[in-house]
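Annotation source Swiss-Prot lists region 'Disordered' at 1-65. Feature annotation from Swiss-Prot assigns phosphoserine to Ser8, Ser53. The feature coiled coil is assigned by Swiss-Prot to 299-326, with sequence analysis given as support. Residues annotated as repeat 'PbH1 1' in Swiss-Prot: 493-514. Marked as repeat 'PbH1 2' by Swiss-Prot: 515-537. According to Swiss-Prot, the repeat 'PbH1 3' annotation covers 538-571. The N6-acetyllysine annotation in Swiss-Prot covers Lys570, Lys645 and is backed by similarity to another entry. What Swiss-Prot lists as repeat 'PbH1 4' is 574-596.
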Amino acid sequence: MASGSKASVPADSFRTISPDRRGEKSASAVSGDTAAATTLKGTAIPVRSVVASPRPVKGKAGRETARLRLQRLPAAQAEDTGEAAAAAAEEPLLPVPEDEEEAQPLPPVCVSRMRGMWRDEKVSLYCDEVLQDCKAEDADEVMGKYLSEKLKLKDKWLGVWKTNPSVFFVKYEEASIPFVGILVEVTCEPYQDSSSRFKVTVSVAEPFSSNIANIPRDLVDEILEELEHSVPLLEVYPVEGQDTDIHVIALALEVVRFFYDFLWRDWDDEESCENYTALIEERINLWCDIQDGTIPGPIAQRFKKTLEKYKNKRVELIEYQSNIKEDPSAAEAVECWKKYYEIVMLCGLLKMWEDLRLRVHGPFFPRILRRRKGKREFGKTITHIVAKMMTTEMIKDLSSDTLLQQHGDLDLALDNCYSGDTVIIFPGEYQAANLALLTDDIIIKGVGKREEIMITSEPSRDSFVVSKADNVKLMHLSLIQQGTVDGIVVVESGHMTLENCILKCEGTGVCVLTGAALTITDSEITGAQGAGVELYPGSIAILERNEIHHCNNLRTSNSSKSTLGGVNMKVLPAPKLKMTNNHIYSNKGYGVSILQPMEQFFIVAEEALNKRASSGDKKDDKMLFKVMQNLNLEMNNNKIEANVKGDIRIVTS
């Protein structure tokens, strides 16, 4: 637990790379994003004191008894909880020797130039300059040669060795020690074989500097001695203030880190691939789509977690196999197969992400596996009242022959619904996992002001409201998205109506998938990370008297890459859209964007320009009019204003 302010560190701060392809040699390192995050402003990395138990090191008297705890600052020590106090009782805190000076703060490392590269620059760097026409099985050798050529520029330089805390400590709080950083002097020597290609010789530089103020100098010396002063090269980050050659080396290291972090897959050299650089380009495009928001943040998080889980599972399997001394027992063989098939499953998911045709929408498979119930056997419909207590006042507007059923929560009400039923919700705040499983034709409506009937998503779930019912209607409600990764509302098939609703998005907006239909009237959509309403090829939507605003709230360094805003249409086959009396404003992309493949765009554009346009500035308007005709897009009396990129635009892909 840190005593000072905590640095912001991503959840995937540590990675496991396998530079020898099949994972025979694996090394842990801190991700490039973490390194950049700590030095982006060009200041020294904050130094802090922590509580941790040093790892016992062999070969020196007294090391086995060196399991003392590093002393924390007194102020933070006074804030210990009962749990921490119990831990301290088991193993008392021992102070660092008084004559031992605290480590100095680490100097800033070279800021990553990779972060500022455009998509085309990254593709050119990896495909044309580094990998060229190499095959997947040769990628390791090519990356090694590229790095060794750059390292010839300078044989000695200063860097920060950033490694997993487990190298130094057996006990530590992960939140307080994201990595252990030590200022070292690096000596570059030509590698003798493939196993030493990603290793480098280091020694502690003066003055002794670390991100952990009270780490003992002796402990660092002992760890390095045990490692024979050889550490993974990709764990070393050159520091600022050296000559220009160091910046070339720093970029080369970042290029190789990014390759193993994001572009390399362990299965690459196990499968035939005619054009490996084309595959690398596709992965670069995937990464850029995540960064610029084409793939919304919450959905991108799913991919990152899947990739991280795949890497971890692969390392687990390698470690498990290496611990089997002789012929495996039946139980060990079963466990190996279990771990192997987990890896195969994750591998399949990652391949789906890399295929543009398969990653059209988040999870790649239907979200609803529940079958339709249909109507009740006796043919009657029931009105479900959702309220903790029910009074006669609540049902005074219902006819005397209405069959009623009262429920304490919305989930239970939805679980008891059959086609034709109505769910009435009174003011309050609700959650319902069953909203993501709408298969029957029901009406869900609030009674009272729509702002007072709040339905929030469960952050632990992927989806919020998902429907494949033939005809489902939501009325007079507020849907508030919290943490779910899919669209706030996803219409998989059938028809959904949203009437007088407020949709406060946190992930993507309303998604209408191929073949589905949506009608939205008198509603408000705001806060989506992508478009407020997204129409997939072959879908149908009618929007009337709605407000769609402040969508495409993406944190991206390249805002010009993100065009989505109020309404986005994906064509081929063309969706159908009718918009009447809507107000679309203050979106960061366009008010309405039409996403059309490049070849089809030029066909339509050429026809529009040759046949419909007269001259001058009218060409763009005529072309847009022609495209809108071809797309079956009808727009009447809409107010589209104050959108950052413009009102309406054809975007090519």
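Each residue, glycine too, has its Cβ placed from N, Cα and C.
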- [ ] Tell me the residue counts in helix, strand and coil for the repeat 'PbH1 2' (515-537), as DSSP assigns them.
- [x] 0 helix, 11 strand, 12 coil
- [ ] Looking only at C-alpha atoms, tell me how far Lys570 (N6-acetyllysine) is from Lys645 (N6-acetyllysine), rounded to the nearest Å.
- [x] 18
Open item on the list: Can you work out the mean pLDDT of the predicted model over the repeat 'PbH1 2' (515-537)?
Closed with: 90
TODO: Could you find out if DSSP has Lys645 (N6-acetyllysine) as helix, strand or coil?
DONE: coil
